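Here is the structure we will look at, set down as structure tokens.
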Ligand SMILES: Cc1ncc(CNC=O)c(N)n1
């Protein structure tokens, strides 16, 4: 621990609320980040049709995620103490712009057409959930924690596919690096500190609501991976 700074603001790497929840809900977190689809990428047995299905659906998801990210940014702007949160989120949105461009070029590479894709039920359900979190009534604490969880599931999942022992096919390395790279890992840890800081000063009912939302994100992510089975 470096000095008292991280303790005071609730950003404690081992004792923050988020770290407690990650231990308490380790089974759910593992289900979301070690899904059979991810394991199949990591061991090289991945079915390319599954990968293409995931790519199509995730492109649609990310378009909805941009709107959610913008809503989190607005909440951060309204919380006067969160000047630096606003900057982190703005950078995140800027990265999503590159990400949409990446989806288009990746789809072309795989001969996938993104224009005719319709969202699967699990995707629709996840997008509706994001919509519900965009409401003005949803506290910044709830929204920033959901945002952290959504980004972190991808970071943790794809970083696992890049570990030295992994047998991830060469053609999928780029995809894994998109979310599994060290800079994205750092971004997720920054989001985690932001969420912890909010939770540190939140009233009990908001903390409860945030924990339930975190668990909902994990369930939605599992359902999303399940779509790749077809
Ligand atoms: C279903 C899902 N969850 C998280 C992410 C990662 N965030 C933005 O890209 C994603 N692309 N898709």
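Each residue, glycine too, has its Cβ placed from N, Cα and C.
In the predicted model, residues of the domain 'Thiaminase-2/PQQC' (31-228) average a pLDDT of 97. If you look up TrEMBL, you'll see 31-228 marked as domain 'Thiaminase-2/PQQC'.
For residue 99 (substrate binding site), other Cβ atoms within 10 Å of its Cβ number 16. Residues or ranges marked as substrate binding site by TrEMBL: 58, 99, 151.
Residues within less than 8 Å, Cβ to Cβ, of residue 221 (active site, proton donor) and separated from it by at least 6 positions along the same chain comprise 32, 150, 153. What TrEMBL records for 221 is active site, proton donor.
In the structure as shown, the Cβ atom of residue 58 (substrate binding site) sits within 10 Å of 20 other Cβ atoms.
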